Amino acid sequence: MAFSGFEGFEKRLELHFFDNDPNPTNIHNQLGLRKLEFESIQQILQAVQCTVVSALANSYFDSYVLSESSLFVYPTKIILKTCGTTQLLKSITPLIYFANNHLNLTLSSLSYTRGSFIFPNSQPFPHTSFNDELTFLQNTIPSNLCFRKASIMPSKSSSHSWHVFTATQNPHHYQHDCDQETYTMEICMTELDPILAGKFFREPNDDKSGHSAGKDMTELTGINEINKEAFICDFAFDPCGYSMNGIDGELYSTIHVTPEDGYSYASFECVGSLNDDNDNIVHVLRKVVKIFRPGTMSVSMRTRSDYNNEAWKKVAGAAEPLGLKCRSCVMDQFPAIGSVVFQTFTQLRRKNSLK
Ligand SMILES: C[S@+](CC[C@H](N)C(=O)[O-])C[C@H]1O[C@@H](n2cnc3c(N)ncnc32)[C@H](O)[C@@H]1O
């Protein structure tokens with residue numbers, strides 16, 4: 001494997017299950033995947049090659065900050081996002097096994113997404129190429145998920161594409177009823193402003209735990225201002241690097257930062273409600289851009305197709321006044337997740353554009 005810096009670009013897996021025994025009085029049915037033993041979660045993460053560093057829960061879901069990104073567990077949905085040289089797709093078999101055998105849950109749909117790796121030659125199998133990932137997925141997922149689609153959504157730059165694979169047993173159903181009323185926005189940023197990226201380095205021998213150093217970074221950088229309603233679980237790595245999960249009712253947000261010069265990267269992901277103030281996307285995006293001032297940025301938005309026809313304009317309208325020019329915009333439809341819009345941006349001028 002080639003030597004490289006830390007791979008910031010995450011791989012993201014979302015799995016939805018249904019209950020084989022829909023008895024509403026059964027506590028297992030209500031908590032579903034949240035009943036997974038912590039030992040089982042650790043075994044799943046061991047297959048991926050990462051660990052839990054911090055956890056936070058509310059009445060809707062459990063969230064974990066990982067050594068490489070994040071895990072969210074809802075009663076019938078799991079979102080696992082990992083970076084570096086983790087082997088995310090190796091979580092699928094143990095996840096299905098535990099859900100089936102311990103909780104009587106059956107997989108009904110799956111989606112896998114990622115950007116373009118900065119260091120593709122450093123990725124281990126099955127992440128050695130998108131073709132290898134697809135072969136692995138086709139061989140791993142159960143046959144009831146027979147409606148499948150894979151696509152590489154392009155941009156003007158060959159180094160920025162959005163890789164998508166979805167599989168479902170019912171192409172006419174969204175992964176979950178409430179997904180009809182939500183959007184998921186994933187922002188990937190590279191070439192971070194070096195001064196802002198510097199805030200994600202710790203002082204040598206600072207005598208702080210990862211948790212307290214993380215809390216300081218959350219406040220110093222203004223990450224706590226993105227959603228003031230959210231409870232935040234944050235962690236600062238040593239000597240640098242930062243991860244946080246925010247939980248706000250049923251909705252989550254998550255930020256991960258690789259601040260090292262030469263391969264700096266930050267990601268922001270959130271689920272938002274379509275029923276909220278329509279300008280939420282704009283406010284959130286502007287705050288995120290100001291925290292990192294990236295040289296390049298991609299935004300992937302998944303939601304109902306009628307909403308996505310408008311959402312890409314909102315995203316471009318929020319980014320362009322901050323000096324980020326929209327360079328490409330593509331849209332596609334996928335069974336189970338609906339419409340995906342993928343946009344890329346580059347910074348016009350660094351100076352004076354983000355006051
Ligand atoms: C896990 S975090 C955030 C990952 C996220 N996908 C990203 O790049 O934005 C990665 C950052 O933490 C640093 N780091 C320090 N110690 C680490 C550790 N034990 N495990 C993972 N990352 C560590 C890495 O060098 C990198 O800057």
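Backbone N, Cα and C atoms are what each Cβ position is placed from, and that goes for glycine too.
Computed from a predicted structure; not experimentally measured.
Taking all protein chains in view, 18 other C-beta atoms sit within 10 angstroms of the C-beta of Glu260 (substrate binding site). The substrate binding site annotation in TrEMBL covers Phe6, Glu68, Phe237, Glu260.
What TrEMBL lists as active site, schiff-base intermediate with substrate is Ser69. DSSP assigns Ser69 (active site, schiff-base intermediate with substrate) to a strand segment in the three-state reduction.
Sequence-distant neighbours of Ser69 (active site, schiff-base intermediate with substrate) (same chain, 6+ residues apart, CB-CB distance under 8 A): Glu10, Cys50, Lys81, Thr82, Cys83, Ser243, Thr254, His256. Summarising the annotation, TrEMBL assigns pyruvic acid (Ser) to Ser69.
Taken from TrEMBL, the feature active site, proton donor applies to Cys83. When Cβ atoms from all protein chains are considered, those within 10 Å of Cys83 (active site, proton donor) total 27, not counting its own.
Per TrEMBL, active site, proton acceptor is recorded for Ser243 (among others). Mapped onto three states, the DSSP output places Ser243 (active site, proton acceptor) in strand.
His256 (active site, proton acceptor) falls within a strand when secondary structure is assigned with DSSP. Taken from TrEMBL, the feature active site, proton acceptor covers His256 (among others).
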**Study point:** Local backbone state of Cys83 (active site, proton donor), from DSSP in three classes
**Key:** coil
Practice item. Note down the number of other Cβ atoms within 10 Å of the Cβ of Phe237 (substrate binding site), including every protein chain shown. Key: 20
Check your understanding: Which Cβ among the recorded positions (Phe6, Glu68, Ser243, His256) has the fewest C-beta neighbours inside 10 Å?
Key -> Phe6
